[in-house]
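The block underneath contains the structure these notes are about, expressed in structure tokens.
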Amino acid sequence: MGRMAPIRSLLLILFMGCSMQCFLQTMPVESRVATMAKKTSSDSGDLVPPKRPGTAYMGWLKDNRASIVKKVGTNSVTDVAKEAGKQWKALSAAKKKPYEMAYAKAKAVFDKEMAAFKAAGGVVQRKQKRVSKKAARDPNMPKKPLSGYLLFMADNRAKIVKSLPKDHKATEVMKEGGAQWNKLTAAKKKPYETKAAKLKAEYVEKMEAYKASL
């Protein structure tokens, strides 16, 4: 009988923990946040904000990352993100819908929990800018894309430099480039702006995949 007492105590603790978790799941969002807030306050003195849900694309990537890695033959973030973005764009609206609906549902819950969190006295802390030395750039982090103007400069820089005096300054090249860009018609700007928009969309998808891999 003496040996059974510790076992009974352990089973009782496990049962109580499971019961509390199940009980919390059945509570309304506001009550659940308030209950957890009290527990958190007593433990650490701080309220913990709800976690923002991943996008529809991130939900799809989570389900398909393994097959994409297998297809490209590497775990490189850039290569995986490029192939993932390509597959996501090719996905039909019907196949995207379950992920978009799941995100919408999760976002609605997040919004309610965040409102309850703030009502309970919680404060969302903004990330402070680092004032220390800039950390070394991760070689796997996607590079920011060029704007329409910079794509134009890449095509026309040599011609602009040739039109300026030999002792010109770098600022003069940019000034002349800006003047020429401003004089372009909307039709002539369009190819550069279209390409820039495409590069920006690819960059956003690659960054989401990169952040998910951290």
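A Cβ is built for glycine as well, from the same backbone N, Cα and C atoms used for every other residue.
Predicted, not measured: the structure shown is a model, and the values here were computed from it.
Per TrEMBL, the features are as follows:
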SIGNAL    1-20  signal peptide
DNA_BIND  50-118  DNA-binding region
DOMAIN    50-118  domain 'HMG box'
DNA_BIND  142-211  DNA-binding region
DOMAIN    142-211  domain 'HMG box'
What are the DSSP helix, strand and coil residue counts for the domain 'HMG box' (142-211)?
56 helix, 0 strand, 14 coil
Tell me the residue counts in helix, strand and coil for the DNA-binding region (50-118), as DSSP assigns them.
57 helix, 0 strand, 12 coil
